[in-house]
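First the structure, which I've put down as structure tokens, then a few questions once you've had a look.
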Amino acid sequence: MAVMDPWLLITIIVGFGMAWAIGANDAANSMSTAVGAKAITPKQAVLIAGVLEFTGAYFFGKSVTETIRKGILYPDRITDPTVLIYGSVAALLAATIWLVIATKFGLPVSTTHSIIGGIVGYGIVYAGFSIVNWGKMTQVVLSWILSPIIGAIMAFLVFKALTKSIFERKDPVRSSKIWSPFWIGLAFVVIGTMFYIKVLHGKSLKTGVLFYGIPAGLVVFLILFLTLRVKFPSSDPFIGVESIFRRVQVITSGYVALAHGANDVANAIGPVAAVYAVATMGMAGMKVPVPRWILAMGGLGIAIGVATYGYRVMETVGKKITELTNTRGFTIDFSAATVVLVASWLGLPISTTHVVVGAVIGVGLARGVKAINKDIVRDIIISWFVTVPVAALISAFLFKILMIVG
């Protein structure tokens with residue numbers, strides 16, 4: 001299998017490029033609300049995100065990954081290892097090209113949808129439309145529609161409830177001493193549960209809630225409740241409440257970065273692991289082992305992507321859609337995490353990127369339609385709908401060339 005070695009090197013380079021693009025676009029979402037709400041500076045954001053994305057990818061990334069993401073193609077139709085190699089390179093390169101274009105314009109798009117588009121493109125060229133699992137593709141299309149709508153509704157309702165429980169009371173300071181710990185504690189129930197499922201890859205929601213979520217939520221609630229009874233951050237209730245949520249927002253955003261690294265690194269390393277398995281062991285199955293160095297490569301690529309080019313998407317999500325404060329940023333993080341957790345439990349097709357952007361829109365709508373930058377929202381929605389077809393077309397073209405010259 002020595003003849004495969006050059007293709008392994010090519011795939012590693014392209015996979016690293018894909019990881020970089022994921023960091024520049026998708027990973028930037030994790031810190032966008034914290035930057036937009038001025039909880040942290042852009043420089044602090046890229047440093048925190050870079051470290052946590054790498055940590056999530058290397059230490060918590062799955063040791064076994066799918067060669068064909070989300071079962072989007074029927075694996076029994078691809079028996080030739082060469083096709084898998086050429087297809088992996090074409091899909092990775094196509095997804096990378098599209099992500100770089102989207103990032104250039106500051107458009108947050110789904111990296112999962114990008115790689116799915118790349119896989120569909122080479123699959124159709126190789127074996128026709130019958131190779132595509134159209135049931136799975138229907139789920140992908142549904143996620144375009146469901147994710148932002150559910151995210152927006154959730155954020156709208158949470159923000160309305162939060163403001164009513166604190167800011168609209170006769171004594172906001174007194175109310176915030178009770179309700180701030182409640183909302184933040186509730187958020188940590190979700191974060192603790194998500195840590196078990198998304199980072200530790202646990203299977204039981206009940207175990208996650210009982211042994212991770214509730215203990216984390218109770219500890220945070222008690223610490224905040226007792227602290228605020230001793231000293232409130234400011235005599236001005238609005239400044240005081242925003243100060244409380246500012247500190248929490250750094251933690252919630254950091255968690256999102258950690259979980260993103262653990263999960264979405266597979267979009268970059270899955271095809272690399274597939275080619276590595278073929279080149280070194282002659283394996284060409286649906287699932288393949290992932291060496292630690294490939295996880296490290298993916299994590300490093302994502303971290304560098306956030307640090308060098310993540311500011312464009314951060315600016316769009318954090319500043320251009322609507323004006324954010326710390327309570328609004330917290331609402332977005334909490335709502336997005338809750339929606340993703342429930343969707344994972346129910347098996348619903350959900351895009352985290354779309355949920356986050358939908359939540360930003362929902363928080364803006366809670367203040368009225370005029371609080372939303374409709375031009376930016378329009379551009380983002382268009383970019384979502386063209387992601388799969390554009391990535392598919394680029395991949396089809398590249399795969400055809402590789403099959404001819406390879």
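Cβ coordinates come from backbone N, Cα and C, glycine included.
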Looking at 45-65, 360-380, which stretch does Swiss-Prot describe as transmembrane segment?
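Per Swiss-Prot, the stretch marked transmembrane segment is 45-65.
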At a Cβ cut-off of 8 Å, and with pairs 6 or more apart in sequence only, do we get at least 3 pairs between the transmembrane segment (324-346) and the transmembrane segment (45-65), yes or no?
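Answer no, regions not in contact.
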Counting CB pairs under 8 Å, which listed stretch among 82-102, 139-159, 288-308, 385-405 touches the transmembrane segment (45-65) the most?
288-308
Could you check if the transmembrane segment (82-102) is in contact with the transmembrane segment (385-405), meaning 3+ Cβ pairs under 8 Å among residue pairs at least 6 apart in sequence?
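In this chain the transmembrane segment (82-102) contacts the transmembrane segment (385-405) - 3 or more Cβ pairs sit under 8 Å.
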